[in-house]
Amino acid sequence: MDYIKDCLSSRAPMISMHKILLAEDDNDMRRFLVKALENAGFKVSSYDNGLSAYQRLREEPFEMLLTDIVMPEMDGIELARRASELDPDIKIMFITGFAAVALNSDSEAPKNAKVLSKPVHLRELVSEVNKMLAA
């Protein structure tokens with residue numbers, strides 16, 4: 001955990017606590033991402049599948065959806081598409097080992113979504129999340 005704190009020590013101070021909805025089916029990766037984002041000052045709600053994340057999104061607004069692509073019950077592309085229908089202003093970022101799928105021009109993924117490839121470096125993750133939320 002010292003590694004996470006070291007990587008995030010240079011982050012910019014947060015003016016307000018941004019709310020991020022995280023959908024990641026890998027338990028270890030999900031816990032790792034939650035810890036890193038919370039240490040960076042974000043409020044994170046996490047789920048292990050797209051359907052559960054979508055149900056939460058219908059109950060509560062979030063500023064950003066951070067999602068894997070390949071998940072059970074509802075994949076990340078479908079989750080992102082539905083999230084955009086609920087809230088056209090939601091920021092969407094995919095964290096995936098299948099970046100080519102998300103970047104495919106035939107994909108139904110929202111065109112303004114950001115894609116980070118696994119393995120994710122914490123500095124890059126926090127930097128990209130901050131950039132997207134500031135835009």
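For all residues, glycine too, the Cβ spot is worked out from N, Cα and C.
The domain 'Response regulatory' feature in TrEMBL is assigned to 19-133. Taking the domain 'Response regulatory' (19-133) as a whole, pLDDT averages 90 in the prediction.
According to TrEMBL, the domain 'Rhodanese' annotation covers 34-63.
In the three-state DSSP reading, ASP68 (4-aspartylphosphate) counts as coil. Per TrEMBL, 4-aspartylphosphate is recorded for ASP68.
Residues of the domain 'Rhodanese' (34-63) grouped by DSSP class, helix first, strand second and coil last, total 16 helix, 5 strand, 9 coil.
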